[in-house]
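Novice: Dropping a structure here in structure tokens format, bear with me for questions.
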Amino acid sequence: MLKLNKIQEEKYFEIIDKLKIKSIKITEIRSNIIKLIIISEHINIQQLTLKLEKDLSNVNLASIYNTIDLLLKEHIITSNTFDGKNIWYELSTNKSAHIKCDGCGKIEHVSADKIKNIDFDKFDHIISDKKQKLEHIKIEIHVICENCRSIKPTLSY
């Protein structure tokens, strides 16, 4: 059984309430997927499937994909694609940032408090003349991590 801390539990019930308002059924697999995404910060389908198989007796891959599609459609989660290959899912926010090592592929979620001083209002100004509404900003920072530099010091862009 997946355990949530108090903050995660509040987020979980907020999501469940949002789905119930739209008369969307909360199945056991949907509930577990939502919890895993909340706990994991970002997770891919393979990781999601492996973790679900530990907790549930019958895991249907189609149900996983259908739930992910539903959560994306309802703007509960967003997807991030790195290297055009791996798709990672995380809870939707209007601002998100990630650091990706181009050496080993490790992805780190940047916490909201680390990006709070960025003036995101300037992005709104960029599109204001087009009469568009800003929905979401994603920042992807590419680095070579310390571990990769120590293994292969010449590794660079």
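Every residue, even glycine, has its Cβ placed from backbone N, Cα and C.
As annotated in TrEMBL:
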BINDING   Cys101, Cys104, Cys145, Cys148  Zn(2+) binding site
Novice: Within 10 Å of the Cβ of Cys104 (Zn(2+) binding site), how many other Cβ atoms are there?
Specialist: 13
Novice: Would you identify the secondary structure of Cys148 (Zn(2+) binding site) according to DSSP, in three states?
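Specialist: The three-state answer is helix.
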Novice: Could you tally the C-beta atoms, other than its own, that fall within 10 angstroms of the C-beta of Cys101 (Zn(2+) binding site)?
Specialist: 18
Novice: Would you mind listing, in sequence order, the residues at least six apart from Cys145 (Zn(2+) binding site) in the same chain with a Cβ closer than 8 Å to its Cβ?
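Specialist: When sequence neighbours closer than 6 are ignored, Cys145 (Zn(2+) binding site) has Cys101, Gly103, Cys104, Lys106 within Cβ distance under 8 Å.
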